[in-house]
Ligand SMILES: *Cc1c(COP(=O)(O)O)cnc(C)c1O
């Protein structure tokens, strides 16, 4: 059955038929605590009644009309995102890569239309992940993902994260902007320090560059603030987000200031599906939940609970776990043992997670995860560590016949 699908994914042999909150149920009746959330995407949990209700009601009215017409749901969503961020306007699309393509184009266009057509290059960071389209792959810069896909898109320079001297050295007459994930997800949950973010803001102001943040993974409440840039007390010039924005419905967004947005005149950019009534109804329902009084405080409380528990596990099992990283509910557990072994042991105990680079186990529960779910996850991780210990002991040469 699976053979008709292209072999470009390495899939676990699990098939789910339904979900409820932070739990997923397989077709053969097993249940798993979902600490991956479809890679930070099922942000308000599975079968969330408010989200499902909004999607159902909107689908019964009208799903798609195109951007040839006004879309009141999109106008409302944009207005709410603007009211709760640095931005003056929003552009809606369908994925993280598409949002980043938009961000790259907008940075270049705003430079070109304000007298600097030579400014086309963007400074990116080692370990970044910006998506799988040709331009966002070049912005990502990872040779493994570029292999076999021909020439790179020109215009991306890579420097180490949290290294201001390297950033300053990379700035030239053709530099248009800087593009950074405030928390790198894919490469192992590396956090850009608030000080580094503030220094990037300052260097952008000094040289007339645009600061773009890729919050595809770390935005929309994931870190315990609506956007991760808020932790550093700076504002970017442009921001991309996607994954959790519509709770599992495909959607992306670019938020930016009037300085950039005014150059995106009619016809300059577009997308057929972007900002449809259905997608925006879903995202508005997610925002209802995220912006409810006390919700983000709750995310921070769950993060503190998990952080404390994980630190304790690192102390108890130093042969299995090395250290904890991350921000809010974007948690990285750097492993001593092979991360694939740890992930598998967790699956045996009933918990789903995602791996990241640098031998890191990535945990991204739904933002609606309960205190009891988190306690459950910590005991599953505890038992998984014991399982890994037993496995490693059994594999030692003296124990192998
Ligand atoms: C997932 C991700 C992307 C790409 O998003 P898609 O929706 O898969 O295109 C871009 N940037 C970051 C930081 C991501 O985590």
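Cβ atoms here come from the backbone N, Cα and C positions, even for glycine.
Note that TrEMBL annotation is computational and uncurated.
Within the same chain, residues at least six positions away from residue 96 (pyridoxal 5'-phosphate binding site) with a Cβ under 8 Å of its Cβ are 130, 131, 214, 216, 217, 240, 241, 242, 243, 252. Annotation comment: TrEMBL describes 96, 97, 129, 214, 215, 216, 217, 272 as pyridoxal 5'-phosphate binding site.
Per TrEMBL, N(2)-acetyl-L-ornithine binding site is recorded for 132, 271. Packing around residue 132 (N(2)-acetyl-L-ornithine binding site) is summarised by its Cβ count: 14 other Cβ atoms lie within 10 angstroms of its Cβ, all protein chains included.
Sequence annotations record features per position, and here TrEMBL assigns N6-(pyridoxal phosphate)lysine to 243. Under the DSSP three-state reduction, residue 243 (N6-(pyridoxal phosphate)lysine) is assigned to helix.
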Among 129, 215, the one of these binding-site residues whose Cβ has the fewest neighbouring Cβ atoms within 10 Å: 129
Among 129, 215, 217, the binding-site residues whose C-beta sits under 6 Å from ligand 1: 129, 217
Inter-residue Cα distance where the pair is residue 132 (N(2)-acetyl-L-ornithine binding site) and residue 272 (pyridoxal 5'-phosphate binding site), in Å: 19
Recorded pyridoxal 5'-phosphate binding residues, 96, 97, 129, 214, 215, 216, 217, 272 - maximal Cα separation rounded to whole Å: 25
Fewest other Cβ within 10 angstroms of its own Cβ, chosen from the binding-site residues 97, 216: 97
